[in-house]
Amino acid sequence: MRLRLMPSPPASTPSLLLTLTLKLFHSQTPTHLNKLLNTIADTKSLRHASQIHSQIITNTFLSLPFLFNNLLTLYAKCAHISLSLLLFSTAHQVTKNVVTWTSLISQLSHFNAPFQALTFFNRMRTSGVYPNHFTFSAILPACASTAILVHGQQMHSLICKLGYHANVFVGTALVDMYAKCQYMGLAHKVFVALPERNLVSWNSMIVGCVLNTLHHKAVFLFTQVLREDFITPDQVTFSSVLSASANMGAADFGKQVHGLVVKRGLLTLSYVRNSLMDMYFKCGLFNEGALLFNTPGPGDRDVIAWNVMSMGCVYNDNFEDACNCFWVMRRAGISPDEASFSTALHASAHLAALYQGTLIHNQIIKTGFAKNSCISSSLITMYAKCGSLDDAFRIFEDVEKPNVVCWTAMIAACQQHGNGNQAIELFEKLLADGLKPDYITFVCVLSACSHSGRVQEGYAYFNSMEKVHGINPGHEHYACMVDLLGRAGQLHEAKKFIKQMPIKPDSSVWGALLGACANYGNLELGIEVAGRLFELEPDNPGNYVLLSNMYAHKGKLKEADQVRRMMGLNRVRKEPGCSWIDVKNKTFVFTVHDKSHARMDEIYKMLKKLEEWVKKKGYLPRTEFAVNSAEEYKEESLWYHSEKLALAFGLLELPASAPIRIKKNLRTCGDCHTVMKFASEIFKREIIVRDVNRFHHFRNGLCSCGDYW
């Protein structure tokens, strides 16, 4: 299905004639002033809030609790919680009742100041004011925000002591608090103990299950809600269960929910519509999601709808469409948010589209998002994956206080570009700054240790994960350790390490060992490891190719051909090699033996010259990488690999001072790797090749990978 990206007209904003309203109330009675407070609250105008505040003081009405409480709320609605705090702290003449305290606690909780909310809750109790069910409903979200269970448990104990545990609003807030603290067992106990459950109670439980990846439980609760006589699911219910369906990949159930949404007339709600789109995209049904996006609805497409559409393109590997979504959205007059930029940068990074990424970076600067830490980490990743490590470093250095995500992005960038020692230095600086590395950080630093041959440091970092940082190693970490030992030539130690793993090794772990066997020519162990991989992932062509190449390298061409035939019998097809190169902001694609390019004659002549020059430098063709060709044509076949064609075109088209950047969809072969090294020395050019695993920076006849990739 073709994606239609039609811009939506900008939405109009209704205006409130506040000045006229103020003139209508010349009589300065408390009742009239209270009406003015409510009117101003709708406009969220700080200037008018200050004016009405002055009038209340002038008329000595500030001591009236209902006016004081509404004034507190007004400042909060104007997004000035600091003024609410100042008013509360300086108005000594006001008798602060439970409504006053609850209002302030609610505001602090809403404005993500949970510890301040807890402080004022304790001050309220110290002052002799008892909390009511509204107070508990306000403070429990603050307990959830701290993610410190003991705060919530202490509040739960007080709730039971004061007899509010049976209140449906308090009980629902407790369910939500325990769910957000990742204690679904306690949330469930509170939920089933409630004598009365309203829709919000059910929604809190369903949302909690989704947050804690209990998706089947969320679906079960949804079916229970449908059986309740006096409860009708709303947009929160449907959006939550659609999220569960998406995460389970349960497209059929999601379609049934879609039918219920239509039946109940909720498809017009953008929240539900966006959730439906997201469900279809995550279930791999791109056409169905795009149809919802392209079908005109009663409301305009907001930035969230565009973000869902962009992410849908990413989920389904339509990265060019994801970038296109961003620009069409901008032309429609919709301002991008953090998610918009992050998605567009992710798509650019996957395409290795440096020019595209640079344009998006310009938009980030123009719209004031340059200081956003999440976007900074996305920029670091984009520049790194586009082959520009220097630009990635510049972004990182401009971040005032990088968080662990920014640090991890920079460590990953160095590791991907073969700068393992630099990645380890960054990791040590992260620790020195007092930041706590996460699961992904350790994957990056262990991989860096592997690529730089630092076995002892790798073991030290791996052992510190549980002992020091409380992180349980996963398959990715074990795969890095196997790769670390394998690169160091310690193949039998790597095998022993796998046998001692507390979790069952997966394909990533065995794959790391197979790569080491191929690099060191250990055919016997390679055959054993490949056998395990054929069981775990019989459809992965890479394992067959590696084993076949190992046989060929040992001169066992018959066995190599048998492995290739086994691929055919199992209907496993090797993805055709394909390489890209950008010239003058245009992308050119080359495939093996490609003859479709308009300048193919010149490209082949350049390849012939290159072959002559590299042979004079001592190049010997590695014909084991041409096992599908007849023996007499193997050497010739090697020269028509896609990355060599892209290299020749780059040498013809790009200025001598510009680096040649090539992207390949597969692992670059050993022969192409050798030719790239010679070419970088002969032409005095920097050649950057991004293959499926990593970056190769070729300079002066050397590669950043150290000939191990």
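Using the three backbone atoms N, Cα and C, a Cβ is placed for every residue, glycine included.
Feature list (source: TrEMBL):
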- 97-131: repeat 'PPR' (REPEAT)
- 302-336: repeat 'PPR' (REPEAT)
- 403-437: repeat 'PPR' (REPEAT)
- 618-709: domain 'DYW' (DOMAIN)
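Looking at the domain 'DYW' (618-709) alone, the prediction's average pLDDT is 85. Long-range contacts of the repeat 'PPR' (403-437) within its own chain (CB-CB distance under 8 A, at least 6 residues past either end) are made by residues 373-374, 376-378, 380-381, 383-385, 389, 392-393, 396, 444-445, 447-454, 457, 461, 469, 471, 694-697, 703-706. Below 8 angstroms of C-beta separation, residues 65, 68-69, 72-73, 76, 79, 81, 84-85, 88, 138-139, 141-143, 145-146, 151, 158, 162 of the same chain, each at least six residues beyond the ends of the repeat 'PPR' (97-131), sit close to that stretch.
Secondary structure of the domain 'DYW' (618-709) per DSSP, as helix, strand and coil residue counts: 37 helix, 16 strand, 39 coil.
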